[in-house]
């Protein structure tokens, strides 16, 4: 049975197109017997990385209460990620990039010596053998264009921690009129239906 960790990051709640598409995929995969864990990074945000937190992420004996709390949360998030086979990320495009809420999660799980390490031949990810599916929604048309910073960024950061099998599902033109919206969502759902857990 596949164990799937789902990350939602839209700030739009019930109006979120990316969350609706994630729900479609979850229903599809649950019928296949997948076990799902959902973390809504907008409804339950993680702290923003700052100087105090960055220093505390290195560990040590003299951490402030805040540093220890965030380090414990980082450990929890990493353990959660490690315990799942597949990572599903809802990544709506906000101003050509991912939501802040998703970036904050990445900042807490990308840790030297824990999810990646440095070797004589360069960095090596420590979370190998996992798969990621990214569902990305956009108001306009950005796929494979210079304005799409989501795909190269997520490919890079996921690959850096060892997750190199990454599939992207796009829902585009969602702010370009009812017909374009319907077509964009239909194409995304069709792509999601072709994926197996």
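Heads up, the Cβ atoms here are built off N, Cα and C, so glycines get one too.
Look at Swiss-Prot and you will find 10, 16, 17, 18, 93, 94, 95, 96, 137, 138, 139, 140 tagged as FMN binding site.
Features recorded in Swiss-Prot, as mapped to the structure shown.
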residue : record           : CB count, 10 Å
10      : FMN binding site : 25
17      : FMN binding site : 22
93      : FMN binding site : 22
95      : FMN binding site : 7
137     : FMN binding site : 25
139     : FMN binding site : 17
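The record assigns 10, 16, 17, 18, 93, 94, 95, 96, 137, 138, 139, 140 to the FMN site; their largest pairwise CA distance measures 17 Å.
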